[in-house]
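**Student:** The annotation coiled coil is assigned in Swiss-Prot to 76-96, 158-209, 481-516 on the grounds of similarity to another entry. What Swiss-Prot records for CYS313-CYS343, CYS322-CYS333, CYS358-CYS367, CYS382-CYS393, CYS416-CYS422 is disulfide bond. The region 'Fusion peptide' annotation in Swiss-Prot covers 137-157 and is backed by similarity to another entry. Look at Swiss-Prot and you will find 1-25 tagged as signal peptide, backed by sequence analysis. Annotation source Swiss-Prot lists topological domain 'Extracellular' at 26-524. Feature annotation from Swiss-Prot assigns topological domain 'Cytoplasmic' to 551-574. For 525-550, the entry in Swiss-Prot reads transmembrane segment, with the evidence type similarity to another entry.
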Amino acid sequence: MELLIHRSSAIFLTLAVNALYLTSSQNITEEFYQSTCSAVSRGYFSALRTGWYTSVITIELSNIKETKCNGTDTKVKLIKQELDKYKNAVTELQLLMQNTPAANNRARREAPQYMNYTINTTKNLNVSISKKRKRRFLGFLLGVGSAIASGIAVSKVLHLEGEVNKIKNALLSTNKAVVSLSNGVSVLTSKVLDLKNYINNRLLPIVNQQSCRISNIETVIEFQQMNSRLLEITREFSVNAGVTTPLSTYMLTNSELLSLINDMPITNDQKKLMSSNVQIVRQQSYSIMSIIKEEVLAYVVQLPIYGVIDTPCWKLHTSPLCTTNIKEGSNICLTRTDRGWYCDNAGSVSFFPQADTCKVQSNRVFCDTMNSLTLPSEVSLCNTDIFNSKYDCKIMTSKTDISSSVITSLGAIVSCYGKTKCTASNKNRGIIKTFSNGCDYVSNKGVDTVSVGNTLYYVNKLEGKNLYVKGEPIINYYDPLVFPSDEFDASISQVNEKINQSLAFIRRSDELLHNVNTGKSTTNIMITTIIIVIIVVLLSLIAIGLLLYCKAKNTPVTLSKDQLSGINNIAFSK
C-alpha cells in the first residue's frame with residue numbers, strides 16, 4: 001500500500017511539474033529590437049542565492065580488525081574483498097583528512113593567502129600525494145574559496161579536541177540534533193547508522209563466529225550495497241581533494257536532503273521551491289571533508305539559501321550590428337555587451353553577465369548573487385532607448401563584420417554580413433527563409449534550425465509570444481571615418497566622446513590648413529606684385545632708353561665754317 005501511495009504521489013508530482021512547465025513557458029514573451037540587434041526574453045521569476053546553510057553529516061563506522069575469511073569459496077572471497085575495500089576507504093579518508101581545507105587552515109577568502117597556505121602545507125605533508133592532485137587542489141580552492149568559506153569555518157572547528165565527542169553525545173538518542181560548536185555557531189547534525197548497524201549486527205557475527213561461512217550470495221550483495229556509499233564518498237573526496245560539488249546522492253540521499261530542507265530556517269515558500277527543484281539545489285551545493293575520528297566520519301554539507309524569490313527576471317541576447325552599404329572590409333560594427341540575466345532585487349537590479357552560471361528550470365531562474373553586479377533599475381531603458389540620458393548603455397565596437405547567430409528563448413537573432421549565406425529551415429519543408437545582409441530575427445514557430453555559413457544552430461521549442469520592434473539600425477547614425485574601432489569595454493557616451501574628439505581634431509586640422517593656405521596666398525600675391533612692379537620698372541627703363549636712342553639717331557649733324565675749310569677739314573688734315 002505504501003509503495004502504491006508513493007507511486008501515485010510521484011505520478012501526481014510529474015503531472016503537476018509538466019503542467020507547470022507548459023503553463024509557465026506559455027507566459028514567456030520575447031521582444032526583438034531591430035535598432036540595436038538585441039532581444040529580451042521575459043516571463044521568468046527569480047531564485048537568487050543570498051546565503052548558505054551548513055549542516056554536519058556523520059557516518060558511524062565499525063572497527064573491523066582481523067577477519068577469518070580465508071576460504072576459497074567465491075562468496076567468501078567476495079566478502080573478504082569488500083571488507084578490504086572498507087578498511088582501505090577508512091585509511092584513505094584518514095590520510096585525506098590531513099590534506100583537507102579545514103586541516104590546512106585554508107578557509108580565508110583572499111587568493112594570495114590561499115596560495116601561501118597551500119604551498120606551505122603541501123611542502124610539509126607526510127602523506128604521499130601526487131603533484132597532479134596538489135595542483136588540482138590549489139586550483140579548485142582558488143575557484144570556490146569564497147563560496148565555501150562558511151562551510152570550511154564549520155569544518156575547521158570539528159578538528160578541535162572534544163568536538164566530535166560533543167556531536168556523538170548529542171546524537172546518542174536521536175538521529176538529528178542541534179549542536180553548539182566551540183566557535184559559538186549552532187549547526188544541525190545528523191547521523192547515518194545503516195552501515196555500522198549492518199556490519200556489527202549482521203556481517204561480523206557471520207565472519208567471526210561462523211568462520212565466514214556464508215550460505216547465500218544475498219549477504220554479499222547486501223554488504224556491497226551498504227558499503228557502496230562509504231566507498232563512493234571516499235572516491236569523491238579523494239578525487240576532488242576534500243571539496244565536492246554538485247552534491248551527490250551518496251553525500252546526501254534524496255530523503256536526507258528533503259528532511260534537511262524541511263529543517264532549514266526559511267519560509268514555507270522557500271522550502272517548497274527547494275523541495276521541487278532538488279537537482280538545481282544539488283548543483284549549487286557543496287560537501288566538505290572534515291574529520292574521521294572516534295569511529296565517526298564527519299563532513300559538512302553546505303546548501304544554498306534562496307533569499308530572493310518570485311521577482312521578475314529577464315534575459316538579454318545581443319548580436320553584432322554592422323553597416324552593409326559600404327564596400328567589403330570597410331564596414332563598422334557595434335554590439336551591446338550587457339547581455340545576461342537580470343532580476344529585480346530590492347529596488348535595484350541584479351545583473352548576471354555570465355548567463356551560463358544561472359540554471360533555468362521551466363520559468364524559474366536560479367542564480368548566485370556572488371556572480372552578480374548591482375545596477376540601477378534604469379538599466380532597462382537600454383532596451384528601448386540606447387541613447388537615453390539616465391543610464392549609459394554598454395557597447396563594444398569593431399570594424400570586423402563577422403556573421404553569427406544567437407539562439408534566444410523563442411527564436412534566433414541572425415547577423416549576416418558579406419558573402420555568408422544565412423538561412424532558417426524547417427525539418428520537413430527545408431529552407432523557409434534566406435536572410436539578407438544585416439541583423440534580423442526569426443521566431444521558433446515553424447523553424448527548427450538556423451544556418452550561418454557552415455554552422456548549424458538548433459532553436460529552442462518553448463512556447464510564447466514574439467514581438468518584432470522595427471527601427472533604424474543605430475550603426476547607420478555613425479560616420480565610418482570617425483567611428484572608433486576595437487573599443488571592447490565602452491559605453492555610448494564614451495564612443496560619442498571619442499567621435500566628438502575626432503571631429504574636433506578634423507575641424508582644427510581644417511582651420512590650420514585654411515590658415516596655411518591663406519598665408520601662402522598672401523605671400524604669393526606679394527611676390528607677384530613685386531615681380532610685376534619690377535617688370536614694369538624694367539620695361540619703363542627700356543622704353544626710356546629706346547626713346548632716347550631713337551631721338552639721338554634722328555637729330556641732323558651741323559658743321560661750322562672752320563670745319564668746312566680745307567685747312568681745318570679734318571678729312572684733309574694729317
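From the backbone N, Cα and C atoms, a Cβ is placed for every residue, glycine too.
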**Student:** Counting every protein chain present, what is the number of Cβ atoms, excluding its own, within 10 Å of the Cβ of CYS393 (disulfide bond)?
**Tutor:** 19
**Student:** Against which stretches of its own chain does the coiled coil (76-96) lie, if we need a Cβ under 8 Å and a gap of at least six residues from its ends?
**Tutor:** 61, 64, 67, 69-70, 127, 199, 203, 207, 212, 214, 219-220, 223-224, 227, 230-231, 234, 237-238, 242, 289, 292, 297
**Student:** Please list residues from the chain of CYS343 (disulfide bond) whose Cβ is under 8 angstroms from its Cβ, counting only those at least six apart in sequence.
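**Tutor:** When sequence neighbours closer than 6 are ignored, CYS343 (disulfide bond) has SER46, LEU48, VAL308, THR311, PRO312, CYS313, VAL349, SER350, PHE352, VAL365, CYS367 within Cβ distance under 8 Å.
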**Student:** C-alpha of CYS358 (disulfide bond) to C-alpha of CYS382 (disulfide bond): distance in Å?
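**Tutor:** That separation, Cα to Cα, works out to 22 Å.
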**Student:** Here are the disulfide-bonded residues: CYS313, CYS333, CYS367. Which has the lowest count of other Cβ atoms within 10 Å?
**Tutor:** CYS333
**Student:** For CYS422 (disulfide bond), write down the residues of its own chain that are at least 6 apart in sequence and whose Cβ falls under 8 Å from its Cβ; none is a fine answer.
**Tutor:** SER403, SER405, VAL414, CYS416, THR434, PHE435, VAL450, SER451, VAL452, GLY453
**Student:** Using a Cβ cut-off under 8 Å and a sequence separation of 6 or more, which residues in the same chain sit near CYS322 (disulfide bond)?
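**Tutor:** Non-local contacts for CYS322 (disulfide bond): ASN331, ILE332, CYS333, LEU334, ASP401, SER415, TYR417, GLY438, CYS439, ILE475.
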**Student:** Across the topological domain 'Extracellular' (26-524), what does the pLDDT come to on average, as a whole number?
**Tutor:** 85
**Student:** Which residues in the same chain, at least 6 apart in sequence, have a Cβ under 8 Å from the Cβ of CYS382 (disulfide bond)?
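**Tutor:** Set apart from CYS382 (disulfide bond) by at least 6 residues yet with Cβ under 8 Å, we have ARG336, ASP338, ASN388, TYR391, CYS393, LYS394.
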**Student:** Around the Cβ of CYS416 (disulfide bond), how many other Cβ atoms lie within 10 Å? Please give the count over every shown protein chain.
**Tutor:** 24
